[in-house]
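Feature annotation from TrEMBL assigns transmembrane segment to 39-58, 70-92, 113-138, 169-185, 192-212, 232-252, 273-293, 313-333, 362-384, 488-510, 522-540, 578-597 (among others). Feature annotation from TrEMBL assigns region 'Disordered' to 418-453. As annotated by TrEMBL, domain 'Cationic amino acid transporter C-terminal' applies to 550-600.
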Amino acid sequence: FSSSRMLRQALRRFGQKLVSRRPLEKEVYEFEFGKKLRTLDLVALGVGNTVGVGIYFLANEVARNQAGPSIVICFLVAGLTSLLAGLCYAEFSARVPHSGSAYLYSYITLGELWAFISGWNIILSLVVDVFIVVQAWILTFDIFNGNHISETQQEIISQYVPQVTAENLRYFFVIFLVLVLELQSTSWIFRLFTLVKVLVLSFFIISGFMKGDLHNWKLTGSGGFVPFGFEGILRGSATCFYAFIGFGIIVTRVRKSHNPQRSIPMGIVISQLICFLLYFGVSVALTLMVPYYQLRPGSTLPEAFLHIGWVPAYYVLAFAIFCSILVNTYWGFMFRIHRRIRMMAEDNILFPFLARIHTNTYARIISTVTFGSIATIMVFFFGLTDLLHFTSFEALISYSLVALCVLIIRYQPERRKEENQPEVQEENGQIETKLQEENEENETEVQQENGGNEIQVQGKTAHAIEKLTLRRLFFPGSPTPTPLSGQIVYVCSSLLVLLLILLCLVLAHWPSLLSGDPVPVTMVVLLLVLITGITGVIWRQPQSSTRLQFKVPAVPLLPLLSIFVNVCLMMQMSAVTWAWFGVWMLIGFALYFGYGIQQS
């Protein structure tokens, strides 16, 4: 009996650690910026960081191999998906007075485990971005030098070094160049080059409407408007999603903004709309100027001007790529990686000495060498498309977690500073929870009686006991959130995420649905009934009355729609992406359960 009791206590402590939440008042490392930012500054920041190098080689790849002229629909789907995520980030920026991220929002709402998953994947996606921008440097040099780098590199160097090294030596050179340029960047360069690339993309759009031919959207025999079918649109949307990643940088400027509760949400939404209009216009112009099947494999966006004979414009657009690369380099990839590592180390999820990564030379060298080695491995073993998918995959995970956080926190009772998690200390090699008499009234006790038919919850601010009944699920009886209603939403939201994943798995085999196969059709109907019922339970619970400058409308529908679309796009990723994600998470879980959970 004693050993069984000790086992239950150990499991209880373990579970408490996994769901322990970060106090709202705990300080967060802030990015230092020289001046206060207005809404217009934040919009420029979001556009400059989002409209990056991806559009210059994504558009040709998706149009040629995945969607054809229907790439315009792909950007529409990807843009709406990103906008839904942006709305969720906007509410959290109005709710949490700190420089935000998916890591911080998950830690505050879902707990430590999900925060680690989010932060761990963000770190790798930032490392992947290094290689993507390196590839963009190579493409830009090839444009200005007539592909001489690609053509002559192997002819000369391969005589003296192994073939695999010759094929990738240029990447090492450009990585070195990127690191050097990071030290030379200033803010006025960012603003100038952001304006340049927006103007050049606008010029590309206008040129496409002037020189384009609508017949390219009506091709028969070669495909028509949707040559790769509905599946091509889905796969193209997943690839195009990479082009919309970047607005999250706005929520890191909370304390450096005038009236952040208003300017941050507006900056996110407006910048996302501007980016969508630019991408939509570029995809329309490209497919009107050049038939999709005539796009050369591995070609870049400027080559569309060669098709219509505008050679000077070819170099103008290449200069815009150059500006985009400098803007990306300005934000310093290693700085963003170091910032994420520092936040996690300060929470003791990673090794504490990494918290001094900005001031300690040894810690900075260790992290730079480690993640630089990972980027080098990617150069040899992964193609550019795989890395684009992986970055999109990580962003979709983060966006889904933030949407889930919005869904849950909207229905929770007000958190107060004194309502912190139980303190945890390590004694005699074991983690023990200190339960003091003076804070027993602040804990939530869940007791199951009568075979699980009733759950008693002791409120944090009242001694009254709430009982969970079938009627209370749909008629809560309180106009404001209570601990019981918050627990109901937490459990129902978790169930909904699982059901949405199952639904997306079934819908991924949509041809069998169209053929009328009764098994998948029955599964879809059953899942939809369950999803509708559980959503109804959440909808009936009282929402928080906290006044915010911005709130996501139509909760719980919009956060659930965001999660559903995100998961659908993740299902379109390649098997290589899923395999690499699994390997990275195995490494992360070994680190977390071996060290982080004991020290945090």
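Positions of Cβ are set from backbone N, Cα and C atoms, glycine also.
Just so you know, TrEMBL annotations are computer predictions that nobody has curated.
These figures come from a predicted structure and were not determined experimentally.
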Tertiary contacts of the transmembrane segment (488-510), defined by C-beta under 8 angstroms and 6+ residue spacing from its ends, are 230, 400, 404, 407-408, 411-412, 468, 473, 520, 523-524, 527-528, 530-531, 534-535, 537-538, 541, 556, 560, 563-564, 567-568, 570-571
Q.
Is the transmembrane segment (70-92) in contact with the transmembrane segment (273-293), using at least 3 Cβ pairs under 8 Å (sequence separation of 6 or more) as the test?
A. yes
Across the domain 'Cationic amino acid transporter C-terminal' (550-600) the predicted model averages a pLDDT of 90
Given 39-58, 70-92, 192-212, the one sharing the most C-beta pairs under 8 Å with the transmembrane segment (232-252) is 70-92
Counting only residues at least 6 beyond its ends, the same-chain positions whose CB falls under 8 A of a CB in the transmembrane segment (522-540) are 407, 411, 473-476, 488-489, 492-493, 495-496, 499-500, 502-503, 506-507, 513, 556-557, 560
In the same chain, residues at least 6 away from the ends of the transmembrane segment (192-212) whose Cβ sits under 8 Å of its Cβ atoms read 44, 47-48, 51, 55, 278, 281-282, 284-286, 288-289, 301, 304-305, 308, 310, 313, 316-317, 319-320, 323-324, 326-327
Counted with DSSP (H/G/I as helix, E/B as strand, rest coil), the domain 'Cationic amino acid transporter C-terminal' (550-600) has 39 helix, 0 strand, 12 coil
